[in-house]
Amino acid sequence: MKILMRADTHVSFSVPVEEPKAICTFSQVLAALSVSLGSLVVGFVSAYTSPALVSMTDRNITSFEVTQDAGSWVGGIMPLAALAGGITGGPLIEYLGRRNTILATAVPFIVSSLLIACAVNVAMVLCGRFLAGFCVGIASLSLPVYLGETVQPEVRGTLGLLPTAFGNIGILLCFVAGSFMNWSMLAFLGAALPVPFLILMFLIPETPRWFVGRGLEERARKALKWLRGKRLMWSPN
């Protein structure tokens, strides 16, 4: 509905206009799915210590001793590292781009889980958890920024639910798998989860907004065309 007002009579009247229809292209769904798989990894990593510490502190399963203090550090070092990752992530998404920053967390996620899975002492577990937490901090900042800059407002509410849902699925998966696996096997599962996330992130472009901010309008146009499809209306100004 458009409101018009005449300056001479100060009489206003309304003119009905066609409301824009929500357009949800396959490309936008793919972008949202890629980001959501990252949220699944974040959820799994965040929940890991709750089921894992039960078997990790069992000397019949673990070849090295995990004291009560060490167990507390295994559980608490990840949020501390996530704080550092969140602070670091801000400049990274501006300098490297949203997509590249997200992509840069995939391999460290795999490495962190492998460090834990192959650990022969508590120090390796702590290093793995610190690296995982650092990536969680970066991902928690960059994932919603990427999604907000690639998905149209008309469908942002619908597709925006995917990362939250996948994050909760990751937490649930960790707890369910943790009831059947020991801490090492659970970490190997955690190392496998970022693989599809890594592959899909290679298939999606950087956000048009970041390209425009760097003066790369042609690359922004191509990225926007990939996301919006044939009905693209380009106006960088």
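Note: Cβ is positioned from N, Cα and C throughout, glycine not excepted.
As written in TrEMBL, here are the features:
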TRANSMEM  29-50  transmembrane segment
DOMAIN    31-237  domain 'Major facilitator superfamily (MFS) profile'
TRANSMEM  70-90  transmembrane segment
TRANSMEM  102-124  transmembrane segment
TRANSMEM  130-147  transmembrane segment
TRANSMEM  159-180  transmembrane segment
TRANSMEM  186-204  transmembrane segment
Handout entry: Stretch in 70-90, 102-124, 159-180, 186-204 most in contact with the transmembrane segment (130-147), if contact is a CB pair under 8 A
Key = 70-90
Handout entry: Among 70-90, 159-180, 186-204, stretch most in contact with the transmembrane segment (102-124) (C-beta, under 8 angstroms)
Key = 186-204
Problem - Mean of pLDDT values spanning the domain 'Major facilitator superfamily (MFS) profile' (31-237) - result: 89
